[in-house]
Amino acid sequence: MMTCASSDDNESEKDKDSESFVEVDPTGRYGRYGELLGSGAVKKVYRAFDQEEGIEVAWNQVKLRCFSDDPAMTERLYSEVRLLKNLKNSNIITLYKVWRDERNNTLNFITEICTSGNLREYRKKHRHVSMRALKKWSKQILKGLDYLHTHDPCIIHRDLNCSNIFVNGNIGQVKIGDLGLAAIVGKNHLAHSILGTPEFMAPELYEENYTEMVDIYSYGMCVLELVSLEIPYSECDSVAKIYKRVSKGLKPEALNKVNDPEAKAFIEKCIAQPRARPSAAELLCDPFFDGILDDDDEDGENNDNNGAGRIVVS
């Protein structure tokens with residue numbers, strides 16, 4: 001004799017097929033899975049889901065106990081991340097929501113998720129890439145930096161490196177991420193605290209008195225890594241040795257492995273002394289990018305062409 005499954009049995013079967021959330025945000029819109037996408041000194045990034053839009057997102061979680069000795073820093077961190085929510089640029093990871101979890105003492109923020117992971121791993125996976133492709137990626141990073149640096153107030157990333165740049169490989173799109181610890185500075189564009197990844201840190205950053213030009217230096221190191229497939233200063237086996245070489249003005253050995261003279265000259269411009277470094281806007285006009293168009297450039301060109309020959313009546 002055949003028995004019919006109860007509705008409870010059907011529901012339990014459905015539950016087995018669905019992936020349960022580890023936690024949800026206070027509004028119930030975003031659910032976090034247990035899958036860890038990446039982690040750093042103070043932050044972990046998990047795969048999550050936006051139930052309203054039906055899209056996957058990234059759930060970033062900062063442990064505030066890392067700043068327990070400095071309550072002012074905690075509040076500043078929170079206010080800065082909230083401000084970043086207002087950034088709108090195709091080469092900057094979009095920030096959707098920010099909140100503080102008092103019970104677990106964490107700062108949480110939801111960002112868009114990129115399909116192909118970070119640029120460092122993506123480049124390792126695709127070792128045989130044309131210089132044209134590398135230039136397209138580099139130009140997009142620079143456009144994101146230009147947006148940050150010309151924002152009012154100016155935003156200095158301070159930790160730009162290839163692991164903080166993310167890729168949508170299906171469309172060749174590159175986005176700057178990990179902006180949660182960026183510095184938001186006033187009219188003088190001066191910042192004073194030390195943050196960053198040693199291999200990518202400009203010399204003046206160690207001196208705790210710097211401007212957005214530290215990002216240009218880091219950007220140059222990113223381009224060097226993309227071209228050479230080597231992390232800058234990998235010849236050093238300690239942070240102290242990196243600092244010693246950087247403070248003496250010694251360039252990373254990877255620079256000597258760059259065979260393309262145009263690429264080498266471009267990188268050297270980026271990692272020059274602070275006053276000699278071009279701005280992001282100036283670098284975008286560099287001959288290094290001649291003939292390199294990305295989607296935004298092509299859209300603009302198409303719009304110009306579409307407007308050609310039209311008569312505008314006022």
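Placement of Cβ uses the backbone N, Cα and C atoms for every residue, glycine included.
The structure displayed is predicted, hence computed values, not measured ones.
The annotation region 'Disordered' is assigned in Swiss-Prot to 1-22, 295-314. The feature domain 'Protein kinase' is assigned by Swiss-Prot to 31-289, with sequence analysis given as support. Residues annotated as ATP binding site in Swiss-Prot, with similarity to another entry given as evidence: Thr111, Glu112, Ile113, Cys114. Sequence annotations record features per position, and here Swiss-Prot assigns active site, proton acceptor to Asp178 based on similarity to another entry.
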If you count the other CB atoms within 10 A of the CB of Ile113 (ATP binding site), including all protein chains displayed, you should get 21
Could you find out if DSSP has Asp178 (active site, proton acceptor) as helix, strand or coil?
-> coil
Report, in whole Å, the straight Cα-to-Cα distance of Asp178 (active site, proton acceptor) from Glu112 (ATP binding site).
-> 11
Give me the non-local Cβ neighbours of Asp178 (active site, proton acceptor): same chain, 6+ apart in sequence, Cβ-Cβ under 8 Å, ordered along the sequence.
-> Gly40, Lys43, Ile93, Asp159, Asn164
If you count the other CB atoms within 10 A of the CB of Glu112 (ATP binding site), including all protein chains displayed, you should get 18
For Thr111 (ATP binding site), what residues in its own chain, 6 or more apart in sequence, show a Cβ-Cβ distance under 8 Å?
-> Val57, Ala58, Asn60, Ile93, Thr94, Leu95, Tyr96, Gly177
List the other residues in this chain whose Cβ sits within 8 Å of the Cβ centroid of the ATP site residues Thr111, Glu112, Ile113, Cys114, in sequence order.
-> Val57, Ala58, Ile93, Thr94, Phe166, Lys175, Gly177
For the domain 'Protein kinase' (31-289), the averaged pLDDT of the predicted model is 91
Give the number of CB atoms, excluding that of Cys114 (ATP binding site) itself, located within 10 Å of its CB.
-> 21
